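Per TrEMBL, these features apply:
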TRANSMEM  14-37  transmembrane segment
DOMAIN    20-224  domain 'Cytochrome b561'
TRANSMEM  57-77  transmembrane segment
TRANSMEM  89-110  transmembrane segment
TRANSMEM  130-151  transmembrane segment
TRANSMEM  163-183  transmembrane segment
TRANSMEM  203-223  transmembrane segment
REGION    244-289  region 'Disordered'
COMPBIAS  247-263  compositional bias 'Polar residues'
COMPBIAS  264-289  compositional bias 'Basic and acidic residues'
């Protein structure tokens with residue numbers, strides 16, 4: 001079995017990209033806070049502009065930064081010695097936090113719009129943003145139901161894993177694109193007609209947009225490199241239900257109980273079952289919500 005970060009291919013490059021992504025993501029959150037406190041009205045929950053400002057802060061913090069960490073959590077080589085079940089809980093927990101923050105941010109926007117008599121859901125930003133939250137909720141629910149709870153059969157898990165991974169990356173990219181539309185829309189509305197003259201606020205927030213793009217690019221690059229996957233040897237039972245046994249173990253138990261079984265047949269059956277498990281795992285080795 002492959003254990004530890006020292007066995008990871010291009011470990012130094014992965015570590016450099018990881019540190020860069022965390023730094024860029026953290027700076028993005030700081031930029032967002034500076035924007036709302038220095039250029040806007042700060043944060044509050046009274047139906048005024050300060051309540052709206054929770055929307056960009058929570059989106060950048062939860063829906064972008066925390067979701068990005070959740071995507072690459074399986075790639076961290078020092079976690080390869082941890083059980084896959086533990087990493088599933090961490091992955092699901094991070095995504096749950098991101099989901100909660102996204103929902104709170106939506107509540108803040110709707111309350112601000114209703115208090116200020118501003119129409120809801122009229123822009124492309126709002127359409128795509130709400131769709132991203134809905135699909136993210138479905139992704140999270142199906143991830144719990146299929147990959148975390150012990151009820152889904154192995155073939156179903158193997159079949160849905162590639163879809164789960166693709167959907168997670170697509171939603172993440174969509175969230176970043178929607179955030180870029182949102183901050184541009186906010187700047188145009190709040191800075192007109194001076195936005196075209198590049199006031200300090202516009203320049204600052206445009207830099208925030210660039211940081212979000214860089215963060216997304218780093219996360220997607222790390223998540224898409226096949227040689228940085230969690231090793232197969234560590235994942236032989238990743239698709240098994242909680243508390244379940246592998247097909248090889250079941251075969252061994254059955255044949256041991258039979259009086260006419262011989263050891264060579266048992267070994268062949270167990271080996272075939274083990275290979276089948278690895279094939280199922282290969283179909284979708286990394287879970288991404």
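Just so you know, glycine gets a Cβ as well, placed from its N, Cα and C.
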Next item on the list: Let me know the model's mean pLDDT on the domain 'Cytochrome b561' (20-224).
Entry: 95
Next item on the list: Take a look at 57-77, 89-110, 163-183, 203-223 and tell me which one has the most Cβ pairs under 8 Å to the transmembrane segment (14-37).
Entry: 203-223
Checklist line | Long-range environment of the transmembrane segment (163-183) - Cβ separation under 8 angstroms, sequence gap at least 6 | finding: 55-56, 59-60, 63-64, 67-68, 71, 123-125, 128-129, 131-132, 135-136, 139, 142-143, 146-147, 205, 208-209, 212-213, 215-216, 219-220, 223-224, 284, 286-289
